[in-house]
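I have placed the structure first, in the form of structure tokens, so that the comments after it can refer back to it.
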Amino acid sequence: MIQVLLVTICLAVFPYQGSSIILESGNVDDYEVVYPRKVTALPKGAVQPKYEDAMQYEFKVNGEAVVLHLEKNKGLFSEDYSETHYSPDGREITTYPSVEDHCYYHGRIHNDADSTASISACDGLKGYFKLQGETYLIEPLELSDSEAHAVFKYENVEKEDEAPKMCGVTQNWESDESIKKASQLYLTPEQQRFPQRYIKLAIVVDHGMYTKYSSNFKKIRKRVHQMVSNINEMCRPLNIAITLALLDVWSEKDFITVQADAPTTAGLFGDWRERVLLKKKNHDHAQLLTDTNFARNTIGWAYLGRMCDEKYSVGVVQDHSSKVFMVAVTMTHELGHNLGMEHDDKDKCKCEACIMSAVISDKQSKLFSDCSKDYYQTFLTNDNPQCILNAPLRTDTVSTPVSGNEFLEAGEECDCGSPENPCCDAATCKLRPGAQCADGLCCDQCRFIEEGIICRRARGDDLDDYCNGISGDCPRNPFHA
């Protein structure tokens with residue numbers, strides 16, 4: 001008994017490094033056992049919610065102390081978020097679950113400026129974090145009465161099969177006019193920082209994926225929520241906020257014929273979305289998750305540059321990995337296509353395995369390459385998709401005022417983010433003394449850009465848009481075609 005106790009104490013202090021273990025994410029060749037210690041920020045005697053708005057954990061990775069700061073992802077669900085499944089007689093059953101006290105967080109590592117994290121705290125800590133340029137996955141070990149977690153690099157997870165997995169979207173790399181045009185555009189520093197955009201997302205799960213997880217709706221819901229939380233984190237550098245509007249699970253049968261040809265399935269899904277799903281609830285983009293093995297080692301497909309189109313703002317993704325993170329990368333990849341991004345050319349793009357790589361890599365990144373950012377900027381400038389311009393209404397998202405959650409909420413003059421924001425006071429979410437604005441195409445260094453400066457170039461027969469000198473936003477020209 002004494003020997004067992006001593007071993008337990010030693011494990012709590014000194015991380016254990018193992019050679020191989022089977023986790024929920026698969027068979028991991030090299031991992032480290034850690035015991036995250038929660039550091040509470042609540043005042044003594046305060047009532048503790050089930051999931052706090054902010055949390056901090058300490059543990060060791062490679063012998064070095066790590067402090068993980070987490071903040072609840074406040075804008076992750078719309079206030080009218082709904083879940084739909086079907087009864088055996090075909091009736092549609094829709095519920096509106098309370099998701100305010102959810103368990104999905106984003107964050108960073110203390111003293112690592114380039115770090116990021118996307119963590120589910122529902123049952124232990126599960127997700128990923130970037131530390132000193134390396135992406136690590138973390139998940140709880142299924143040991144009784146233990147706080148043990150495994151930390152490991154993605155490349156240390158054994159492949160589920162040897163076949164290369166790739167996106168089915170193709171393009172001609174002889175033409176990279178989009179990138180050339182993007183570099184020729186006159187962009188202010190504020191425009192180069194990407195304007196804020198908002199995407200209301202609908203996720204549909206086909207019958208094959210439902211049965212794959214033992215027809216367990218709760219398991220499906222948890223997996224999808226983790227995916228969307230990961231997508232949100234990956235899109236943050238582009239200043240895109242993702243809000244999940246609905247989850248539709250085909251629990252009894254498929255409502256389209258899910259075929260092995262991914263583009264054909266995407267076309268059928270787009271038709272169904274236009275006829276059925278959009279009539280249930282307004283949203284900007286929908287993705288179908290399926291257990292179908294697409295032909296030609298394809299794991300996803302989406303239309304290029306069709307965000308906001310009622311039929312074509314869709315993607316189809318195979319649930320190709322037990323690792324939530326990897327499927328979330330594929331979903332983000334297909335979303336990127338809808339936002340005008342083509343595949344990374346390994347000879348032209350400064351990223352070995354970024355999100356828009358055509359083939360999944362052993363060292364898969366969660367970053368968008370410079371090429372992807374250029375494509376996205378060009379898409380925003382040339383196509384100006386309208387559905388993602390507007391933030392969800394203050395009554396549309398489950399949130400209490402909190403700085404840096406990417407939504408302008410009741411009582412806020414600006415969404416301040418970090419305390420270092422020169423325009424916005426992080427403590428009050430009010431503009432700092434002397435500041436006129438904090439964001440927008442007509443805001444530069446906290447001041448309105450003078451009247452008459454072009455803030456949005458014309459497209460086709462339209463006219464240029466100009467700053468008016470009294471707002472940080474770029475007003476639409478009233479004479480647009």
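Numbering starts at 1 and runs along the chain as displayed.
Keep in mind that glycine also has a Cβ here, set from the backbone N, Cα and C atoms.
These features come from Swiss-Prot:
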type: ACT_SITE; residues: GLU334; note: active site
type: BINDING; residues: HIS333, HIS337, HIS343; note: Zn(2+) binding site
type: DISULFID; residues: CYS308-CYS387; note: disulfide bond
type: DISULFID; residues: CYS349-CYS371; note: disulfide bond
type: DISULFID; residues: CYS351-CYS354; note: disulfide bond
type: DISULFID; residues: CYS414-CYS429; note: disulfide bond
type: DISULFID; residues: CYS416-CYS424; note: disulfide bond
type: DISULFID; residues: CYS423-CYS446; note: disulfide bond
type: DISULFID; residues: CYS437-CYS443; note: disulfide bond
type: DISULFID; residues: CYS442-CYS467; note: disulfide bond
type: DISULFID; residues: CYS455-CYS474; note: disulfide bond
type: DOMAIN; residues: 197-392; note: domain 'Peptidase M12B'
type: DOMAIN; residues: 400-481; note: domain 'Disintegrin'
type: SIGNAL; residues: 1-20; note: signal peptide
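Take the CB of CYS446 (disulfide bond) and look out to 10 A: across all protein chains shown you find 19 other CB atoms. Reported as a whole number, the C-alpha separation between CYS387 (disulfide bond) and CYS474 (disulfide bond) equals 16 Å. In sequence order, SER369, ASP370, CYS371, SER372 are the residues near CYS349 (disulfide bond), counting only same-chain partners six or more apart with C-beta under 8 A. Report note: the Zn(2+) site is defined by HIS333, HIS337, HIS343, and the residues of the same chain whose CB lies within 8 Å of the CB centroid of those residues, excluding them, are CYS167, VAL169, GLY300, ALA302, GLU334, GLY336, MET341, GLU342, ILE355, MET356, ALA358. Relative to CYS423 (disulfide bond), the recorded positions with Cα atoms inside 10 Å are CYS437, the candidates having been HIS333, GLU334, CYS437. On the backbone, the CA of CYS467 (disulfide bond) and the CA of the residue listed as 'active site' stand 34 Å apart. According to DSSP, CYS455 (disulfide bond) is assigned to a strand segment. All protein chains shown were included, and the count of other CB atoms within 10 Å of the CB of CYS429 (disulfide bond) stands at 21. When the alpha carbons of CYS351 (disulfide bond) and the residue listed as 'active site' are compared, the span between them is 18 angstrom. The DSSP secondary structure for CYS424 (disulfide bond) is strand.
Within 10 Å of CYS455 (disulfide bond), counting C-alpha to C-alpha distances, fall the following of the recorded positions GLU334, CYS354, CYS414, CYS429, CYS442: CYS442.
Local packing around the Cβ, expressed as the count of other Cβ atoms within 10 angstroms, is greatest for CYS442 among the disulfide-bonded residues CYS442, CYS455.
In three-state terms derived from DSSP, CYS443 (disulfide bond) belongs to an extended strand segment.
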